[in-house]
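Q: Would you mind keeping the following structure in view while I ask a few things?
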Amino acid sequence: MSFFGLDCVRKKEREVERKIRANDREYNSTFKYATNSIKTSKYNPFTFLPLNLFEQFQRIANAYFLILLILQVIPAISSLSWFTTVVPLVLVLSVTAAKDAIDDINRHRSDRKVNNRKVNILINGKLTSDKWMNVQVGDIIKLENNQFVTADLLLLSSSEPLNLVYIETAELDGETNLKVKQSLTVTGDMGEDLGALGSFNGEVCCEPPNNRLDRFTGTLTFDTQKHSLDNERVLLRGCTLRNTDWCFGLVLFAGPETKLMQNCGKSTFKRTSIDRLMNVLVLFIFGLLALMCIILAVGNGIWENQTGSEFNNFLPREENTAFSAFLTFWSYIIILNTVVPISLYVSMEVIRLGNSYYINWDRNMYHARSDTPAEARTTTLNEELGQIKYVFSDKTGTLTQNIMTFNKCSINGKSYGDVYQQYSGERLEITEETTPVDFSFNPLADPKFLFYDHSLIEAVKLELPDVQAFFRLLALCHTVMAEEKKEGWLQNTLINLFLTYPSSQHQSLCLVGHLVYQAQSPDEGALVTAARNFGFVFRSRSPETITIEEMGMQRSYELLAILDFNNVRKRMSVIVRSPEGKLSLYCKGADTIIYERLHPSCRKLMEATTDHLNEFAGEGLRTLVLAYKNIDEDYFSEWKQRHHESSVALEDREEKLDELYEEIEKNMMLIGATAIEDKLQDGVALTIEQLAKAEIKIWVLTGDKQETAENIGYSCNLLREEMNDVFTVAAHSPEEVRQELRDARLKMKPSTEPNKFLVPEVILGNTPKLVQDESVEGEYGLVINGHSLAFALESGMELEFLRTACMCKTVICCRVTPLQKAQVVELVKKYKKAVTLAIGDGANDVSMIKAAHIGVGISGQEGMQAVLSSDFSFAQFRFLQRLLLVHGRWSYLRMCKFLRYFFYKNFTFTFVHFWYAFFCGFSAQTVYDEGFITLYNLVYTALPVLGMSLFDQDVNAGWSLEFPQLYVPGQLSQYFSKRAFMMCVLHSCYSSLMIFFVPYAATYDTARADGTEGADYQSFALITQTCLTVTVCVQLGLDLSYWTVVNHLFVWGSLGMFFILTFTMYTDGLFRIRPSSFAFVGTARNCLNQPNVWLTVALTALLCVLPVVAHRFFSCQIAPTINDKVRNKMREMKEPAPRPRHPRLTRRSTRRSGYAFSHAQGYGDLVTSRRFLRRPATSRSTAFNSAGRSPGFKPTGRSAGYSPVGREQNPKQKVEPTSLQKFRTVIDSSF
């Protein structure tokens, strides 16, 4: 059980291994495994009030005011009424509690939504629909297509051949391509037989709950046989079942013990650096307060001994001077408590809330396409956005859209993809207004596919042999699987067909379902989709055949072998036999690999293709080269026999197969090259450029392969050819990793000393070590993979890694786990005095988002896990620059101005009490009227400072984006620091001296015009109050950079309110009602009608602000800041701020990327081993009419029958006109 949300029971012993028996809840319950209910909320109705108050009073200031309230109810030491403290204290506690309650209610709603999802559970041999929260370890559950996986499951059986399932793991690792899982044969044979599944009593012994997404070890014991279990048999919570009608699974881990929840990281209470600094300053202020009270208490003791006896007739005194001094100490604690007013924290909450709404309301951060506004999910971290030094970003879905598009290609030495002006031949930039190619001639074309070069479609229609060979290769050489769907598509298709075709042809039309490709990687999907749109449609596959549709004619190729990809080969090949019996090998891969294996006759074509590859790579496109080879039948028979012998060899199997692959992949003929764009999100490159100008370092932490991450790094200008060097750390042992890091560091800065990069910093008695920034000449990048990073994050090497990484301009960590992402962030937080921000869009980014000072979630294609765990969210990465450079900088600047001014006005207010104590016998008498003390912070000075903190801006948004360097002072904490605080204290001390002694001197031994005494206590108090109020308002006017109507209203309104309330409270009527509270009767009327009083007020205000004006004038002239320079430029231009520039950023490079790099090894074996996952798509519907063509094709030449080299294998036959052609003929003849 829990009490106040705290676990009070004995902690469960650490689990070493997990034992589970299927369909036996009684047995499994003895182990007390977690249920499938998740809880992210903190409170319930009973624990909210005590637990929330307990948390709030852990804040030093709140505890201080509670103690102060207790002191104020003691008459012997209190000279102020209790309500001066209790009202603001209750207000701040209520506001904070309400905000916490709203946040927790949202967490409760989210938990209920997830826990109340429905799932089918097998109980007593029957399927019962129940809530997720009621699922227990050991239950067998049934999942259906497109359902979320309820818990971590052992896959038992599925609807697919060989008990395979497709899952999408976007919520776990950010990858939207499908992955394959397969059950054991012994459980797969049960199928969907509920009787067999209900009587299944297998026992699982496996690893305890952990956060390793890529590993699982265990055994299944069933019918006295023990079977090995690995990660291929497990479905993890957070995955989605795809293209699988149903599957059954045994629950292994539930709720908080699932790998998804284990990777979510620990939620920590985040505080800004200003909050942490405030805690230090509050302790200093308490010390200062205690020092002042001790001085005044000692003064009281001395005064009582020396002078107090003279006042016995007027003021009864304590005979014990020590006790009198003791009481005086506590009395002054109450009087001088305004050095830390409770209204400070109320105002800070209001300011943060207001600046949060600015983020929510910003239309420039609204994404219309997805109808997603920016959202400040946490209202307490706004100013931290103005101090970010390190940004940790996911790649897939954050920097990129996770969408691959076929952009350009080179075929037989000719480049396609660019658009040229018809007459001048000038190349045009492709925009939204550019007319795309019309693929309406092809009813199977993907409507989302866009291509703009019309010359390529004309070449396809002319049936140029090389162009056909190019797209035939793309349609055959892959491991994609096809599926036809008719859901929702059928109705639209029927309507279109009935509108398009004459009624006489309706009965002869054969419908084709919506063709969907499931690709192992988005690259392959883009290439096959391109071939599909240009008339070479991949329709279906079996282990022995590949069926494609070439310009409307269905053709089935015999699949003889797949020479699969791996990281060494960097290429993939297929060997097929055409319907005419011709053997061909089709190959695609990295250009350097393919070029080494081409026939010498291709040399001239290689030169032209290389030029195109360089051009494609210069635009950041991912390229690969295509080649083919005709194979002799006898040779292939002999090669196939050797291939079979090698594939069953017990020793050196991989080496023997590689030799055979090398042998057959020689003397190939070059066809061309493709260029794929891994589409970046809009504005990514510009955003990164702007953040770099703001001295913000960006580290990319991705689960993708190294080469893929590097390609994106170059595409978005994180990595550039102009860099002095890009270091790659890919070692497999700790010693090698350490040496590579050291070599990189010494190359960047040969003179580095090993032990002089750590500097100690003392914070509240602790002395943590900080890694200082080291400057290097030039720019460098660092790329490190997951294996090396695991070694680099070990305690003995983490400082070496951090030191090397911080010298680099860009750091890219590849193949990292969610936990490693969080560890990298924690490493920087621990050893760098810098504010960090993590941004991501998937569940694999949650731990990183929680670990960073600021977490930003992108609401993208990968679910909402990252958004739910984030502090801020929006739809596009490009909004990050506005969040930081505009809202973050403004929030930080406003908060710093607020704190400087607030401390100034309150220290000034309090120090006047201190000086007055020396003239009132240290009697704890207040220099001000009690009403003024109560209203000073709540009415007279509250609104002006709030107006400044909500509306002030040194430059507007346009200039902030135009000059990102304005962001740098925030990183260095120049606007508010310990030094700035001490300057506030000194400034307040000077002002308080002027405010006290100038009126004192002006009224000393003076008389009014009517001859009455002008130096009474009440008149002096009123003059001092007026000088103070006017001075702090003038000071605020000097601090304001941007006057608005609201600021004018607040400043002049507060001054007016001061005089209105002063005259009101000093009237006869209020005095009669409550004489003790309104004792200053008539003082305002008698005092403020004297001209010398107004001259005193004006002189005091002038003397207080004169040093400030002089300091700012000389600073602007001698050492202007970046803010001064930009504001001067803004005034000189006398024009609105320039609009942010959006240049088109391109990369000119000789570095070419390879599509093959993003491919994974082993998928080819799955296809050819009869373990492929989909049934033939064409078995569901037929797309061919009696002529064998799809309706709608309009061939303009030869339809098919060409070998890769263009030799005609069948005589050209007369082509029957299609239905669409007949229809067009009828229409044309009617005009």
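Any Cβ shown, glycine's included, is placed from N, Cα and C.
Note: TrEMBL annotation is automatic and uncurated.
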Q: Labelled transmembrane segment by TrEMBL, one stretch among 59-82, 323-346. Can you tell me which?
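A: Of 59-82, 323-346, TrEMBL gives transmembrane segment for 323-346.
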Q: Counting all other Cβ atoms within 10 Å across every protein chain shown, which of the binding-site residues R622, R815 scores highest?
A: R622
Q: May I ask whether the transmembrane segment (1092-1114) has at least three C-beta pairs under 8 Å with the transmembrane segment (323-346), counting pairs 6 or more apart in sequence?
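A: When sequence-distant Cβ pairs are counted, the transmembrane segment (1092-1114) does not touch the transmembrane segment (323-346), since fewer than 3 lie under 8 Å.
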Q: Hey, what's the Cβ neighbour count for F565 (ATP binding site) at 10 Å?
A: 26
Q: Would you kindly check 898-919, 931-951, 1049-1071 and say which stretch has the most C-beta pairs under 8 angstroms to the transmembrane segment (83-102)?
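A: It is 931-951, which has the most Cβ pairs under 8 Å.
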Q: Given the model, what does the mean pLDDT over the domain 'P-type ATPase C-terminal' (867-1121) come out as?
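A: Within the domain 'P-type ATPase C-terminal' (867-1121), the model's average pLDDT equals 87.
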Q: Cβ pairs under 8 Å with the transmembrane segment (1092-1114): which stretch of 280-303, 898-919, 980-1002 has the most?
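A: It is 980-1002 that shares the most Cβ pairs under 8 Å with the transmembrane segment (1092-1114).
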Q: Where the record says D394, K395, T396, E524, F565, K588, R622, T702, G703, D704, R815, K821, N844, D845 bind ATP, what is the longest distance in Å from one Cα to another among those residues?
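A: Farthest Cα pair among residues binding ATP: 34 Å.
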Q: To which of the binding-site residues T396, N844 does the lowest count of other Cβ atoms within 10 Å belong?
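A: Minimum Cβ neighbour count within 10 Å, taken over the binding-site residues T396, N844, occurs at T396.
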Q: Would you kindly check 280-303, 931-951, 1049-1071 and say which stretch has the most C-beta pairs under 8 angstroms to the transmembrane segment (980-1002)?
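A: Top-ranked stretch among 280-303, 931-951, 1049-1071: 280-303.
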Q: Any residues 6+ beyond the ends of the transmembrane segment (280-303) with a Cβ under 8 Å from its own?
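A: Residues packing against the transmembrane segment (280-303) from afar: 60-61, 64, 321-322, 324-326, 328-330, 332-333, 336-337, 339-340, 763-764, 914, 917-918, 921-923, 978, 981, 985.
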Q: For a quick check of packing: other C-beta atoms within 10 Å of the C-beta of D394 (active site, 4-aspartylphosphate intermediate), how many?
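A: I count 30 other Cβ atoms within 10 Å of it.
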Q: Express the distance between the Cα positions of G703 (ATP binding site) and D394 (active site, 4-aspartylphosphate intermediate) as a whole number of Å.
A: 8
Q: C-alpha of R815 (ATP binding site) to C-alpha of D394 (active site, 4-aspartylphosphate intermediate): distance in Å?
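A: Between the alpha carbons of R815 (ATP binding site) and D394 (active site, 4-aspartylphosphate intermediate) there are 11 Å.
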